[in-house]
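Annotated features in TrEMBL:
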| type | residues | note |
| --- | --- | --- |
| ACT_SITE | C92 | active site, proton donor |
| BINDING | P7, M8, A9, Q62, K155, H186, A247, R248 | FMN binding site |
| DOMAIN | 4-127 | domain 'DUS-like FMN-binding' |
| DOMAIN | 150-267 | domain 'DUS-like FMN-binding' |
Amino acid sequence: MKLILAPMATLTHEALRRSVFGFGGCDEYFTEMIQAGTLLTGGPFEKYYLHTGPEPDKIVWQLTGAKADALARAAELVAGVGGVGVDVNMGCCAPEIVKSGAGIAWMLKPYAETAAMLEGVRRAVENAKPAANRPAEENAKPAANRRAALRFSVKIRLGDEDFTDDRFFSFIDMLVGTGVRQITLHPRTRKERYRTPPRLEYVRKLCDYLNARGSDVKVVLNGAVCDAASARKAYEIAPAVDGIMIARAAIRKPWVFAEIKGTAPEKIDLLQTGLQFIDDLAECQPPEFYKTRLQRFFTYYSDNVQFAQYLRTQLLNAPTLDGCRERLAAYFDQCPHERYKKIAP
Ligand SMILES: Cc1cc2nc3c(=O)[nH]c(=O)nc-3n(C[C@H](O)[C@H](O)[C@H](O)COP(=O)(O)O)c2cc1C
């Protein structure tokens, strides 16, 4: 069973992937959602969304957008860069995204419209040409020997508040009909956001439903997995899943995948891990993004210490990367016993 880093806007960029990789990595890394329209118009920061390090062959591009045509063209572009797959975000509930017609809005539109968008993206992924920045050896191979086309997938929720099993599974029928190869289910409704526990039994129902129809579409479970015990429990609920996807816990603990695999070190140096993240951020992101990316990361990462709120406030108000480094070091100078976090075997 695969362990997968979830897509998280402003969080799952190369610096965070390097942190995860530093503890042994995971099986696939979803990028943060990439705005299809903006990617195509080629803004000054778009190149940063196309970083693939540190494990380019494990990248899954996640796209968001309200326009079918832009999504298809962006899919062709990212698929040309390489990686494992291209995913369409159909679960984001942020009001501005939904209002624009993207994210979960695709679960609420007439099926014909959503199916047409998905078919366009699938064709684009299948037809993508290798880009100039693919390794020359790959491009030189005869077409038949080149890497297979990237996988085409979607990430969804259960739907809107009035969702019913019938409606959910007829939506799944539509997805399968478009040639989707993998479905990640975050089993909450639009309004539930993160308030109620995810209904993981729906992941099992989805596996059973597809299995009963002889479908080979893969299912990935996402929601509230944060350590080995919760991963085990999730897997017991839905043993036919192909993978477990982790979002917030991977920011709090970039070692969470190692923890689940039983390969984490006995103790984690919280200072060194935090400093390394800041160094990687400086290398992988433009200065204009430092502040928001630092804030997002340390909002979660600070949970590792006793005075989390104090550390968070200190770091969120640090004016520069150096200021952030100094404040992080100062915290562990004051609380040296907190620097090393023990990982339960
Ligand atoms: C800060 C933040 C940003 C997110 N951005 C995205 C995104 O870009 N695309 C997406 O499909 N889901 C996004 N999500 C949802 C997560 O991928 C995931 O579905 C959700 O957090 C539940 O998983 P978890 O319980 O492991 O955190 C985001 C979640 C958070 C907290």
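In case you wondered, yes, glycine gets a Cβ from its N, Cα and C as well.
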Return the residues near H186 (FMN binding site), defined as same-chain residues 6+ apart in sequence whose C-beta is under 8 angstroms from its C-beta, sorted by sequence, else 'none'.
G91, K155, I156, R157, P198, N222, G223
Distance between P7 (FMN binding site) and the residue listed as 'active site, proton donor' at the Cα atoms, whole Å?
10
Return the residues near Q62 (FMN binding site) by Cβ distance under 8 Å, restricted to its own chain and a separation of at least 6 in sequence.
P7, F30, T31, E32, M33, I34, V86, D87, V88, N89, K155
Cα distance (Å, whole number) from C92 (active site, proton donor) to A247 (FMN binding site)
13
Model confidence for the domain 'DUS-like FMN-binding' (4-127), as mean pLDDT, reads 97
Residue counts (helix, strand, coil, in that order) that DSSP gives for the domain 'DUS-like FMN-binding' (4-127)
63 helix, 22 strand, 39 coil
Three-state secondary structure, which DSSP defines for A247 (FMN binding site):
coil
Candidates K155, R248: member of the binding-site residues with the richest Cβ shell (10 Å):
K155
When secondary structure is assigned with DSSP, how many helix, strand and coil residues does the domain 'DUS-like FMN-binding' (150-267) contain?
46 helix, 22 strand, 50 coil
How long is the line from the C-alpha of M8 (FMN binding site) to the C-alpha of C92 (active site, proton donor), rounded to the nearest angstrom?
10
Rounded to a whole angstrom, what is the C-alpha distance between C92 (active site, proton donor) and R248 (FMN binding site)?
15
Set of same-chain residues at least 6 away whose C-beta sits under 8 angstroms from A9 (FMN binding site)
E32, M33
